[in-house]
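> According to Swiss-Prot, the record shows the following:
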type	residues	note
ACT_SITE	D335	active site, proton donor/acceptor
ACT_SITE	E532	active site, proton donor/acceptor
BINDING	R181, W188, D189, N225, R234, S235, Q236, R299, P300, E301, G333, E547	substrate binding site
CARBOHYD	N104	N-linked glycosylation site
CARBOHYD	N274	N-linked glycosylation site
CARBOHYD	N350	N-linked glycosylation site
CARBOHYD	N384	N-linked glycosylation site
CARBOHYD	N498	N-linked glycosylation site
CARBOHYD	N525	N-linked glycosylation site
SIGNAL	1-35	signal peptide
TOPO_DOM	36-595	topological domain 'Extracellular'
TOPO_DOM	617-626	topological domain 'Cytoplasmic'
TRANSMEM	596-616	transmembrane segment
Amino acid sequence: MASSCSIRCGSRNILVNAAATFLALLVVLRCFANAEKPSPCQSDVYCRGELLHTIQMASIYKDSKTFVDMKMKRPPDETLKSFREFMERHEQMPTRYQIERFVNDTFDPEGSEFEDWDPDDWTFRPKFLSRILDDDLRNFASELNGIWKMLGRKMKDDVRVNEELYSIIYVPHPVIVPGGRFREFYYWDSYWIVKGLLLSEMYTTVKGMLTNFVSLVDKIGFIPNGGRIYYTMRSQPPMLIPMVDEYLKITHDYEWLENNLYLLEKEFDFWMTNRTVEIEVDGVNYVLARYNEQSSGPRPESYKEDYLTSQSFRTNEEKDNYYSELKTAAESGWDFSSRWFILDGTNKGNLTNLKTRYIIPVDLNSIIYRNAVLLAQYNQRMGNESKVAYYQKRAAEWKRAIQAVLWHDEVGAWLDYDILNDIKRDYFYPTNILPLWTDCYDIAKREEYVSKVLKYLEKNKIMLNLGGIPTTLEHSGEQWDYPNAWPPLQYFVIMALNKTEDPWAQRLAYEISERWVRSNYKAYNETHSMFEKYDATVSGGHGGGGEYEVQLGFGWSNGVIMDLLNRYGDKLTAEDRFVATFHSNSTPQPVVVSTAGQVMTGILALVISLAAGFIGKMRCANNAAQ
């Protein structure tokens, strides 16, 4: 019997037979097309319409995001009236120079929504610095602590009073932004920012950011991709509940939890209601989550780029489906990556082959499982027994589904699932081991899972890259592909391995941490900048590719490094060394210093050392079995 999947679309269920996958795409797209798609937001200035199209296609600015972050000088109706008169004066064909003058006359520069803000809870020397023994790394962490003040943003009260003049979404409390072109808060970035802020003892700032987030859930129904109205049809990986968990571990502010638990549940319900899909495997139906944005038109912040690439499609329906795929990939946080390409059942192709809506991601579902577990715990604390049972049931169902649909025993990892071709996607991503972090597997078989995952990582040669773990092994030119290494993915792998309590996995977690910290430290020393992403192939190199230049700042990069320095600060050193011995106690360990000419020898020794660990582990397991 051929396996099949049931895809929920609106109120209907569509049964997709794997033997006829060429019909699957047609059926699903037709279902999506039955209802007219809404625009990214209701603004005829920032999200849709002739004004947006004319200005963005004129390429006044190098970055399309610049215009849609500007403030209108007059109300929207007056702005649109001025635009119509402008177009009439120039017979509907203004020059680029004339369009630029119109924009300068009609809009204030980007960033006009903010005022200076000096956080009251910032401290010059947070306690975690004392746990970092290496002087250079301690100074590095101290400087990262200072960067929070540069990344802090507080909105002017005028944004609240005259919200229609801005594309930014008003929130009552100051925020820490990623940096560079990202002038507003971003959803999943904020998890690592919060981790760093908590180490910096900026508890009031964190509480304000969490309060901002739940206010958005209350207002919009979920947390958007970022703090602009053009993001309000898409979200990002649902990291709010894990953020709250980090805050509660440090502050024990259960009054905040009691007041806002219903909003955490509301966000969870959004994902259950709007982002789930039924899949049948071996005659059993499972429910898992996917990313799925459904608005029309190009992304306003990348309007020209999207519009031009859409011209390879013939019909408006095909173009709108392509736009939805672009925005769905943005919702995933991985915009863009060959991870979301489907071409003849493979990950080959280019942006026109994006099929993010038809891929069940390991990481998204692992996070949703963890959210259900945490909501059960929170309701237990509040005495809501019926809700405890509900979330425990959800978590158990999710764990079973992840095991049945995503785990590949022969590969030794969890794999994304392609619902068009009804296959697991056997391509390396750091997120393929994320269930180890969220405990979304049979803990009783931990040793078996860990052994297979370690062999999987060794097979994919993750330690052959001096600058970190690459995002994928594909050379597509997209920024979420090789050779870029992204901070959150390093964090996921390190924490997943460390949480197993397996000494070999924890050793590997330490060595990945050491390599990542040293690469970031080297880049910072040479440029006095923290980057959004790094080059996996070289220590100290920043990443590239994608739609925009590499960004400085940078929120999640700082948070990850601070967390690793707090965790391993009693062992890490700034110099380029390869650890000769490592134990789990707190005593600093002896190291062997390598010269630049010995780098490859050191890598080889490290790989051999790990391989020996794998072999020894398997022998011990075999002896025990005998």
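Just so you know, glycine gets a Cβ as well, placed from its N, Cα and C.
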> Which site among N104, N274, N350, N498, N525 has the most other CB atoms no more than 10 Å from its CB, taking these as glycosylation sites?
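Per the Cβ count within 10 Å, the most buried is N498.
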> I'd like to know the mean pLDDT over the topological domain 'Extracellular' (36-595).
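Residues in the topological domain 'Extracellular' (36-595) carry a mean pLDDT of 95 in this prediction.
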> Which residue among the recorded positions D189, D335, E532 has the fewest other Cβ atoms within 10 Å of its Cβ, if you could check?
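Taking D189, D335, E532 as the recorded positions, the minimal 10 Å Cβ count falls on D335.
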> Going by C-alpha positions, which of the recorded positions (N104, N350, N384, N525, E532) is nearest R181 (substrate binding site)?
E532
> Of the recorded positions N104, N274, N384, N525, E532, which one has its Cα closest to the Cα of P300 (substrate binding site)?
N104
> With DSSP assignments reduced to helix, strand and coil, which class does N274 (N-linked glycosylation site) get?
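DSSP call for N274 (N-linked glycosylation site): helix.
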> How many whole Å apart are the CA atoms of D335 (active site, proton donor/acceptor) and N384 (N-linked glycosylation site)?
39
> Hey, how far is N525 (N-linked glycosylation site) from R234 (substrate binding site), Cα to Cα, in Å?
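Approximately 37 Å lies between the Cα of N525 (N-linked glycosylation site) and that of R234 (substrate binding site).
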> Output, ordered by sequence, the same-chain residues six or more apart from G333 (substrate binding site) with a CB under 8 Å from its CB, or 'none'.
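In sequence order, W188, Q236, P237, P488 meet the Cβ cut-off.
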> Based on DSSP, name the secondary structure state of Q236 (substrate binding site): helix, strand or coil.
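In the DSSP reduction, Q236 (substrate binding site) maps to coil.
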> Between N350 (N-linked glycosylation site) and D189 (substrate binding site), what C-alpha distance do you get in Å?
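Cα-Cα distance, N350 (N-linked glycosylation site) to D189 (substrate binding site): 26 Å.
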> What three-state secondary structure does DSSP assign to D335 (active site, proton donor/acceptor)?
coil
> Taking 10 A as the limit, how many CB atoms besides its own sit near the CB of R181 (substrate binding site)?
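Looking across every protein chain shown, the total is 17.
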> Roughly how many Å separate the Cα of N274 (N-linked glycosylation site) from that of R234 (substrate binding site), to the nearest whole number?
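So the Cα of R234 (substrate binding site) lies 11 Å away from that of N274 (N-linked glycosylation site).
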> Measure from the Cα of E532 (active site, proton donor/acceptor) to the Cα of every one of the recorded positions N104, D189, R234, N384, N498, then give the nearest.
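For E532 (active site, proton donor/acceptor), the closest Cα among N104, D189, R234, N384, N498 is found at D189.
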> Inside 10 Å of the Cβ of Q236 (substrate binding site), count up the other Cβ atoms and send me the figure.
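Its Cβ has 22 other Cβ atoms within 10 Å.
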